[in-house]
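One structure is given below, encoded as structure tokens.
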Amino acid sequence: MKLIFLSGVKRSGKDTTADFIMSNYSAVKYQLAGPIKDALAYAWGVFAANTDYPCLTRKEFEGIDYDRETNLNLTKLEVITIMEQAFCYLNGKSPIKGVFVFDDEGKESVNFVAFNKITDVINNIEDQWSVRRLMQALGTDLIVNNFDRMYWVKLFALDYLDKFNSGYDYYIVPDTRQDHEMDAARAMGATVIHVVRPGQKSNDTHITEAGLPIRDGDLVITNDGSLEELFSKIKNTLKVL
């Protein structure tokens with residue numbers, strides 16, 4: 001099973017490339033942002049159950065029939081509450097270093113130092129709170145920058161190893177947004193493919209939307225024509241793997 005990591009800014013054709021491979025080859029897909037969406041969908045469900053906020057399911061966090069840039073009009077205190085719940089969800093999947101303590105009855109809670117760190121990070125963010133901004137805050141501003149830089153890579157590695165002998169020809173990771181994630185992928189023997197649309201730049205200033213550098217050994221698909229031309233380039237690229 002060949003491991004492929006895709007990279008590209010918004011609207012570069014990266015997701016179209018992943019979908020084409022999934023539809024036309026024996027392939028399985030893993031999203032690094034999948035656990036982020038899972039955790040926030042769970043946390044939102046707990047939070048919104050006692051408020052007048054709208055119901056947002058996993059589908060909305062995936063962006064299906066929903067604009068993830070929509071302002072949710074959350075206060076910072078409400079965001080902190082959501083993040084606490086998201087941390088609890090994630091810790092149940094794979095422990096987050098230095099976050100949780102247990103009381104005499106065995107009940108789990110966020111420790112004082114970790115809570116202060118979460119609070120400080122959220123209080124220093126002045127952006128409007130949308131689904132996308134919640135994802136960036138949990139995935140990068142909190143977990144990667146303050147608790148465990150390799151946390152999302154570890155979750156990917158567990159899934160990859162579980163599927164290693166599953167019979168698929170390709171294992172696709174379509175949403176790599178940080179250099180350390182891509183470095184880990186290269187170390188694991190992944191083929192890195194950058195999908196580039198000339199002149200396409202992201203207006204999102206968050207680090208996860210800045211695009212990644214092309215390293216020696218990486219492959220590049222230039223998406224500068226029709227869909228049919230893009231599909232032809234994908235086929236030709238996969239032939240050389």
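Placement of Cβ uses the backbone N, Cα and C atoms for every residue, glycine included.
Look at ARG132 (dGMP binding site): DSSP puts it in a helix. For LYS10, ILE36, LYS37, ARG68, ARG132, GLY139, THR140, VAL144, TRP152, ASP175, ARG177, GLN178, GLU181, THR208, the entry in Swiss-Prot reads dGMP binding site, with the evidence type experimental evidence.
With a 10 A radius on its CB, THR16 (ATP binding site) counts 18 other CB atoms from all the protein chains. Annotated ATP binding site per Swiss-Prot: ARG11, GLY13, ASP15, THR16, in sequence order.
The Mg(2+) binding site annotation in Swiss-Prot covers TYR42, GLN85, GLU108, and the record cites experimental evidence as its basis. According to its DSSP assignment, GLN85 (Mg(2+) binding site) is helical.
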Env. residues of Mg(2+) site, Cβ within 8 Å of mean position of TYR42, GLN85, GLU108 Cβ: ALA39, ALA43, VAL46, GLU84, ALA86, PHE87, CYS88, TYR89, ASN91, GLY92
For ARG177 (dGMP binding site) and THR16 (ATP binding site), determine the Cα separation and express it in whole Å. 16
Neighbour count, 10 Å Cβ-Cβ cut-off, for GLN85 (Mg(2+) binding site): what number do you get? 17
Where the distance is taken from Cα to Cα, which of the binding-site residues GLY13, ASP15, GLU108 turns out closest to ARG132 (dGMP binding site)? ASP15
What is the nearest of the binding-site residues ARG11, GLY13, ASP15, THR16, GLU108 to LYS37 (dGMP binding site), using the Cα of each? ASP15
